[in-house]
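Annotated features in TrEMBL:
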type	residues	note
DOMAIN	18-82	domain 'DUF1899'
REPEAT	91-133	repeat 'WD'
REPEAT	141-183	repeat 'WD'
REPEAT	185-226	repeat 'WD'
REGION	565-584	region 'Disordered'
COMPBIAS	575-584	compositional bias 'Polar residues'
COILED	589-616	coiled coil
Amino acid sequence: PKFGHRDPPSLPPAMSRRVVRQSKFRHVFGQAAKADQAYEDIRVSKVTWDSSFCAVNPKFLAIIVEAGGGGAFIVLPLAKTGRVDKNYPLVTGHTAPVLDIDWCPHNDNVIASASDDTTIMVWQIPDYTPMRNITEPILTLEGHSKRVGILSWHPTARNVLLSAGGDNVIIIWNVGTGEVLLSLDDIHPDVIHSVCWNSNGRLLATTCKDKTLRIIDPRKGQVVAERARPHEGARPLRAVFTADGKLLSTGFSRMSERQLALWDPERFAAHEGMRPMRAVFTRQGHIFTTGFTRMSQRELGLWDPVTQLDVWVLLRRLKEPTLAPPPGDAESLGVVCGDCMRRCRGYRCGGPRVVSRSGVCSSLHQSCLGNAWVLGRARSVKELQGIQSGTASGTGLVTPPVLGQNNFEEPVALQEMDTSNGVLLPFYDPDSSIVYLCGKGDSSIRYFEITEEPPFVHYLNTFSSKEPQRGMGFMPKRGLDVSKCEIARFYKLHERKCEPIIMTVPRKSDLFQDDLYPDTPGPEPALEADEWLSGQDAEPVLISLRDGYMPPKHRELRVTKRNILDVRPPPGPRRSQSASDAPLSQHTLETLLEEIKALREQVQAQEQRITSLENMLCELVDGTD
């Protein structure tokens, strides 16, 4: 497939003669695991909701299942393949169906669940197999007035959990204290379809039933950038940030054709369909979205979240803004968007995007930030032109370059793929810049590579199978087998089973492949919840996979002053305190298990003795007769 994009650069003769694009991921192929490596006899939930129904980490596989009398999900150790006993313990506690589950990225034993009963529950899963259902969560979070259908943990801050509900509200919680950190209740006028953090958790990308894609600074409660109707279809759309700040989207056209698009918000374009969109951040900071065209064709897009109207005229040092320009410093003049201005105040980035004298965007390196000067702020192109012409109050001192007109009307890349009702779920791997598209109800997985060269989004291949998928789980990179050049692993949900699907790059060498496995985010958080709330940002703490990754048998939580994840919490308003709420040590647990085993053996011996005595009694009665 080919992607459309605006103003492609002319290629040099040597490159124009190259027929096949060079990429180490060109030959990536998918393969379903053998039958004995699947998880059989699991009653996958049939609730109508556009979530993945599955969450996986290097230790556990969690699947939302059918359950009577409320909602439930099952948690299986990854090694427990084969047929699952019908009486296998479930995680229960919700009074209505579970809609979404998400593992904590900083503790492989902690998982959160969201339900139609308006609550969020946080659970701690033991390393051993429980004897009966897990019914008591560590924490119950109550703050939404309608169903809660979206959960997402902060990628770098400990114990920060985001939830989005049918009340059109996003709440960010500190699960270490049970407190609400932030509540975004006046941004979305309709149902929220998807929420995604960027790589360091500074921004959110959201899609909504009002067919608007928004980039939000949650701590300021402000919309940094937005685009109405990125996909025109009526079905949900999805979006993810790329590593360079663009947006990659999937959605539907007006004719119900599924679309894939790569967007630069300076020229924001849209999927025209009425169906919901989905959005996620990429490694570069772009946003990948999925949606529908007006004809209901599924499509995807990639966006660059640089806002059009929030611009600054650079004339004065950032730390000392003033209207007095420096004499003879015309080389430092330029225009930069307000979002990049904020990012460069103490945060890591490649520098703000600057509109040069020719109107073409370029980069201002961090080393040049000391020579940047601020004249004033413009909220619109008209106001900026007033600053440039000197008509704005106190600004007629110099003439900055002219800002190029940003109409937000063309994507960086856009493709209409097929006509289907299934919402495309994008799974983005920032280490390889590959996005995998899994449509609910489809029997295939399409995958694309995102690059910085036109046409930006490159089709790689499609994995196809016979049976449709009801949901999909995506393994974090630290849970993969690097010895087999495995770069992704999915857990495909069928009606009664879960099937692993492995994506591999064929290599002859058995040595560690550095180019396939750069350092990847590990389980250690970079910030505490209070630090993030105060305005600090940090990139994920990276680990090397050279020697493989071995999840710890039991990961103790690093607690803060008010953290309640290290002990059993006070009960919620509907629960009563019990002496069994205290956590058990490993030694105590082993002792109890040994006692249970001994009691079972004793009961079995007594049953045999009773049977023997009954037989003797029958013989005596028969002899008497």
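Yeah, the Cβs are placed from backbone N, Cα and C, and that goes for glycine too.
Where the annotation comes from TrEMBL, it is an automatic prediction and has not been curated.
Across the range of the domain 'DUF1899' (18-82), the DSSP-based residue counts are 3 helix, 24 strand, 38 coil.
The DSSP breakdown of the repeat 'WD' (91-133) into helical (H, G, I), extended (E, B) and coil residues amounts to 0 helix, 22 strand, 21 coil.
The repeat 'WD' (141-183) scores a mean pLDDT of 96 in the predicted structure.
Long-range neighbours of the repeat 'WD' (91-133) within the same chain, counting only residues 6 or more positions beyond its ends whose Cβ lies under 8 Å from a Cβ of the stretch, are 45, 47, 49, 51, 54-60, 62, 64, 67, 70-75, 77, 80, 139-142, 144-153, 155, 158-159, 161, 163, 165, 173, 175, 476, 521, 523-525, 551-555, 557, 565, 589, 593, 596. Mapped onto DSSP helix, strand and coil, the repeat 'WD' (185-226) counts 0 helix, 22 strand, 20 coil.
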